[in-house]
There are 2 protein chains.
Amino acid sequence: MKISILKNELNEAIQHVSKAISSRTTIPILTGIKLEVTHQGVTLTASDTDISIQSFIPAENDSEVVVHIDQPGSVVLPAKFFVEIIKKLPSKEIMMEVKDGFQTFISSGSAEIQMVGLDPEEFPVLPDIEGNETITIQGDLLKNMIRQTAFSISTQETTPILTGILWHLENGEFKFTATDRHRLATRAANLDGTEEIRFSNIVIAGKTLNELSKIIPDQNMLVDIVVADNQVLFKLDRVLFYTRILDGIYPDTSRIIPSTYKTELIVDTKKLSEAIDRAYLLSREEKTNIVRLQTLEQGGIEISSSSTELGKVREELEVIDFKGEPLRISFNSKYMLDVLKVIDSEQLLIAFTGMMSPIILQPQDDSRSKYVILPYRTTN
Amino acid sequence: MKISILKNELNEAIQHVSKAISSRTTIPILTGIKLEVTHQGVTLTASDTDISIQSFIPAENDSEVVVHIDQPGSVVLPAKFFVEIIKKLPSKEIMMEVKDGFQTFISSGSAEIQMVGLDPEEFPVLPDIEGNETITIQGDLLKNMIRQTAFSISTQETTPILTGILWHLENGEFKFTATDRHRLATRAANLDGTEEIRFSNIVIAGKTLNELSKIIPDQNMLVDIVVADNQVLFKLDRVLFYTRILDGIYPDTSRIIPSTYKTELIVDTKKLSEAIDRAYLLSREEKTNIVRLQTLEQGGIEISSSSTELGKVREELEVIDFKGEPLRISFNSKYMLDVLKVIDSEQLLIAFTGMMSPIILQPQDDSRSKYVILPYRTTN
């Protein structure tokens, strides 16, 4: 293998695949990035067995030569050192040559680097799952669906299935669900052309989907998703992102969400968020995060929190609309703020069926998102 | 005490004094910020006994009313909660009133906060050291002198005196010295009007001086420094910053710096820095940080590093001037990079007296700074 390649392009591809490198792996070959050179370009691959990422650098881009290929070939290079040294090379062009025993010579400007490479034959082969069912989604929509649900996953490894986001596709509706048993986030969207496809109990680690989000470019482009038996493949422009499906059955969450409400409020998202944030500051010092919401006789609501050591925070807030019974309820303000942060709508519905029943939050301009928070059972 | 005050001004003063609040203090009153209201304005004070900071908010600023004083008085408020809630209050004006038992009522827009205050009589009184010797220095110069020496202090609490920066003033020359026994940084400057003042063995914690640096405004203003027996007071525009002088005798470092050199090189600071940074990346993986510098027969120098596991980095660098004997020396590249980061001069002198003797670095445009790094004793 012998090439010269533009630093920026190589660097960008490295940044993409390096998200799949685990620093804790015990398998030496997986501490490396695999480079494969053909006459079409360079393919980089990294894997931690749960996630595998592949990024392709074409030899030419808009008729500019990106990679000059003297000799195809392949090698596996130590990821951590490779990632950092490439970023810091002095010239915009980099020469790479693999010699006997995978010794790799890299030069750029006055810098000369010799790297101990590994045999690419030892690197795991990625699964071929192209033949499976494929759906297509806008990159922005996928990123939003992840952002608006991933915060509700469980971080406890004792229930691994809850560290994932549940995917359900039926009658053209694609739905994400995440819960840690104290709160629940759901977000659905219609996907054109998927009316004939159905899948359920596809659960993908929330952490993995957050990593994927970082790779999806900001320009709104299409992402193809291939769903196989135990793997999902995301196909972006020049990046392939493989991840495994979590084992186990996701719990049925449909009965958690109440279907009728006793109290319904429409409020300004930003104003509610800021008032709860102030009460949260006090509740955090008490290490309980308990904040109280109560409807007022003269209209409006009161947000409050108190601490025997520090004092009290209290605030009245107008409501845009009020339906139903008066109410007083306590909840984890951190959970509430997490929801308010991902609601992009200016107004939201907050609904209750009683002081011991789940609190529902829903953006006013999007009935396909629904958030549930369990209240605290307090004595006053 | 009863006032209304502009949020921005209160917030700025809080940010200054909050640097003196320790989260680990066992003295309850020191977890608070003291507010003292007179008809002239509001004084905030915080202290962790090592550092005390006082910030004054005048009632009027450029004929704008900043504080409206209904009733003077004072109170101590819980720092952490106070700092954060003030930042997040909804209106630009804040009302504060202290009632019975130091209960403090704060309101801003729709938000009402009740805080459990403490008795200001319990708060330690700051020492009166105004009568002592005072020197005056430009804020920018003081910040630079701190930045260019503080990185060389020891972080080991076993030799507390070396966690400080040594100050020496004699014949109008003000000099900072810091060392952790492996490296040494010195920076001196002339201070007008100090010809008659002499002090030595004034040692101030490097950490404290770094905190002070953050408070000194970017507009170049004068800082008065009052030096008493065991305390130093920095007087900025509206901030008083007190710190104690470290106990003990600072070691004599004068003999560490060689007076004659066998090899002298003038090099480009940026190019040397980048080349060492690349070699450092490899040496860091070996956990030794060892990088080698050697003069080349054909002129110039070579920077290199090698690792049995990963490979080699090698780079030739031109020198602007070369005097003396050929040389080959190994050093801790992290220490060298720390020095190169604070040298603002485009070119620097790097001088040697042998492969076992200290390496000297000195900015070309500033003979008042000198940096020493001890070499590694390696076999090759």
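The backbone N, Cα and C atoms fix where each Cβ goes, and this holds for glycine too.
Please treat TrEMBL annotations as automatic predictions, because they have not gone through curation.
These figures come from a predicted structure and were not determined experimentally.
Annotated domain 'DNA polymerase III beta sliding clamp N-terminal' per TrEMBL: A:1-127, in sequence order. The domain 'DNA polymerase III beta sliding clamp central' annotation in TrEMBL covers A:137-252. The domain 'DNA polymerase III beta sliding clamp C-terminal' feature in TrEMBL is assigned to A:255-377.
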Summary of DSSP states over the domain 'DNA polymerase III beta sliding clamp N-terminal' (A:1-127), given as helix, strand and coil counts:
33 helix, 61 strand, 33 coil
Restricting to the domain 'DNA polymerase III beta sliding clamp N-terminal' (A:1-127), report the mean pLDDT as a whole number.
95
DSSP on the domain 'DNA polymerase III beta sliding clamp central' (A:137-252): how many residues come out helix, how many strand, how many coil?
26 helix, 48 strand, 42 coil
